[in-house]
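K.L.:
Annotations for this protein, taken from Swiss-Prot, read as follows:
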BINDING   Gly112, Thr113, Asn114, Gly115, Lys116, Thr117, Thr118  ATP binding site
BINDING   Arg380, Asp404, Asn405, Pro406, Arg407, Gly454, Glu458  meso-2,6-diaminopimelate binding site
MOD_RES   Lys221  N6-carboxylysine
MOTIF     404-407  motif 'Meso-diaminopimelate recognition motif'
Amino acid sequence: MNLNLILKSLEYSFIKENKKEIEKIEYDSRKVKEGDLFVCIEGYATDGHKYAKKAYDNGAKVIVCEKDLEDLSYYKDCTIIKVSDSRKALAIMSSNYYGNPSKHIKIIGITGTNGKTTSTFMMKAILEKAGYKVGLLGTIANYIGNKKIESHRTTPESLELQKLFKDMVDEKVDYCVMEVSSHSLYLDRVYGVEFKEAIFTNLTQDHLDFHKTFENYFNSKLILFKNAQNSVINIDDSYGEKVLKKALGNKITYGVEKNCDLKAENLHMHSRGVEFDTIFKNEKETIALNIPGKYNIYNALGSIGACLLEGIPLKTIKEALEDMPSVPGRCEIVTKNYNLGYDVIVDYAHTPDGLENILNTAREFTKGRLISVYGCGGDRDRTKRPIMGKVGSNLSDIAIITSDNPRTEDPKLIIKDVLEGIERDNYIVVEGRRDAIRKAMEIAKENDVIVVAGKGHEDYQILKDKTIHFDEREVIEELIKEI
């Protein structure tokens, strides 16, 4: 492809000029082949500028950098381009390379601490019911229509993201609904993407290992609402008003407690779902979701608001939500087809607010004791660990503290951090996660409910020196046969 086309709309200067055509773009020097363009990105673990020579040796004919490269004479017959921000440059060039695909599909972005995944699945169900072909990008998997593609992170890097958009355009997708993480906003992965709608679910503590302060975390989320045509905002959340003031374009507020444009009333909750009246202007529909929890009413409202802005009738929205299957690893009752006398629920809750939501939801339909099994991830926000300990212990009859994804940290030390927040004497420590689930199932009695929180849909566990297969749903079904 012609280099000038790739550089369109980008501010840059030539340090060395030679090559005018490139094969493809890469930011990983190991993937560079003859004729490629390599972008030097400064990361948190390493700096791509250190690998410029490696990329050149592998065949790079164009190198884009934001820092001065040493020993320019080394790069014979190579074009070197200087930019002020390599990440923004990667996003712009990736979009140009793939033909600016985000201009050819309607993109709906969902951000917030909790609820993003469920909301994207709700949106997909509604839009498909309305007759559209839909793509989905998120934590569990990526979808182009019915085609499922493995997902490696909530929001892909800009190069992979633009490729997915291009694939959607090629497959004649009408809408893409996507989870937009705070990392992706801060790191410019979605820079230049034209969002038709942006949904704000909520904001609670998470990712402070990365953002350092809560204000930084919030400001990263705000970026989405400054780049969207329309915004759909949870006004019941304490940060909703701030988002409302900063958001551009048309806005719809939603909630249960406060006055808002789109409201849920007459809430009825039970073990297999929730029912509520949805009121928007002069319309009202009673909607019955087959997933429990008040927080899922909020997820539904955000999705409803965005779809109303897209002109989809409330009746169609109701039909789609009522027909929607459960989302993997989100309040998933693994034992519903077994007659055990107790239930085991798997949920992705890995933040204090997420854990509080799932335990409060489970408490609503627990006739016996509520038993929680959870831990905290290694190499992540340490400040939330004692809070997680306190929340889990206070809201459970029995809390079993265990490992999550310890990564490079010692699981015992992570558990120690969790225990610092526990004020009650109702906990057990079982370091091995499978053993912890077994313990919960062994002590469960008639009418008890076990909530296994933290991993949800994940089918792996990240240890210090390896990643192992670990699907809690499989583990639970195996233990049913063993116990």
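The backbone N, Cα and C atoms fix where each Cβ goes, and this holds for glycine too.
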K.L.:
For the recorded meso-2,6-diaminopimelate site formed by Arg380, Asp404, Asn405, Pro406, Arg407, Gly454, Glu458, name the remaining residues of the chain with Cβ within 8 Å of the site's Cβ center, in chain order.
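P.N.:
Those within range, site residues removed, are His350, Gly375, Cys376, Gly377, Gly378, Ser403, Lys455, Gln461, Ile462.
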K.L.:
Per DSSP, Thr118 (ATP binding site) is which: helix, strand or coil?
P.N.:
helix
K.L.:
Looking only at Cβ atoms, how many others are within 10 Å of the one on Gly115 (ATP binding site)?
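P.N.:
So the number of other Cβ atoms within 10 Å of Gly115 (ATP binding site) is 27.
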K.L.:
Using all protein chains shown, find which of the binding-site residues Asp404, Glu458 scores highest when you count other CB atoms within 10 A of its CB.
P.N.:
Asp404
K.L.:
Using CB atoms and a 10 A radius, I'd like the single residue among the binding-site residues Pro406, Gly454 with the highest neighbour count.
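P.N.:
Ranked by Cβ atoms within 10 Å, first place goes to Gly454.
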K.L.:
Across the motif 'Meso-diaminopimelate recognition motif' (404-407), what are the DSSP residue counts per state (helix, strand, coil)?
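P.N.:
Its residues fall into 0 helix, 0 strand, 4 coil.
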K.L.:
Sequence gap of 6 or more, Cβ distance under 8 Å: name the residues on the same chain that satisfy this around Gly112 (ATP binding site), in order along the sequence.
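P.N.:
Once residues fewer than 6 apart are set aside, Gly112 (ATP binding site) is near Ile199, Phe200, Thr201, Asn202, Leu203, Lys221, Asn234.
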K.L.:
When you average the Cβ positions of Gly112, Thr113, Asn114, Gly115, Lys116, Thr117, Thr118 for the ATP site, which other residues in that chain have a Cβ within 8 Å of that mean position?
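P.N.:
Here the non-site neighbours turn out to be Ile110, Ser119, Glu179, Thr201, Asn202, Asn299.
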K.L.:
Kindly assign Lys221 (N6-carboxylysine) to one of the three DSSP-derived states: helix, strand or coil.
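P.N.:
Going by the DSSP assignment, Lys221 (N6-carboxylysine) falls within a helical segment, counted as helix.
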K.L.:
Measuring Cα to Cα, tell me the gap between Thr117 (ATP binding site) and Arg407 (meso-2,6-diaminopimelate binding site) in whole angstrom.
P.N.:
23
K.L.:
Work out how many Å separate Arg380 (meso-2,6-diaminopimelate binding site) and Lys116 (ATP binding site) at their Cα atoms, rounded off.
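P.N.:
Cα of Arg380 (meso-2,6-diaminopimelate binding site) to Cα of Lys116 (ATP binding site) measures 20 Å after rounding.
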K.L.:
In whole Å, note down how far the CA of Thr118 (ATP binding site) lies from the CA of Glu458 (meso-2,6-diaminopimelate binding site).
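P.N.:
So the Cα of Thr118 (ATP binding site) lies 15 Å away from that of Glu458 (meso-2,6-diaminopimelate binding site).
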K.L.:
Just give me the nearest neighbour of Thr113 (ATP binding site) among the binding-site residues Asp404, Asn405, Pro406, Arg407, Gly454, Cα to Cα.
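P.N.:
The answer is Gly454.
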K.L.:
Over all shown protein chains, what is the count of other CB atoms within 10 A of the CB belonging to Asn114 (ATP binding site)?
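P.N.:
Looking across every protein chain shown, the total is 25.
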K.L.:
Which of the listed recorded positions (Lys116, Lys221, Arg380, Arg407) has the least company, meaning the fewest other Cβ atoms within 10 Å of its Cβ?
P.N.:
Arg407
K.L.:
If you count other C-beta atoms within 10 angstroms, which of the binding-site residues Thr113, Thr117, Thr118, Asn405 is the most crowded?
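P.N.:
Counting Cβ neighbours within 10 Å, the top one is Thr118.
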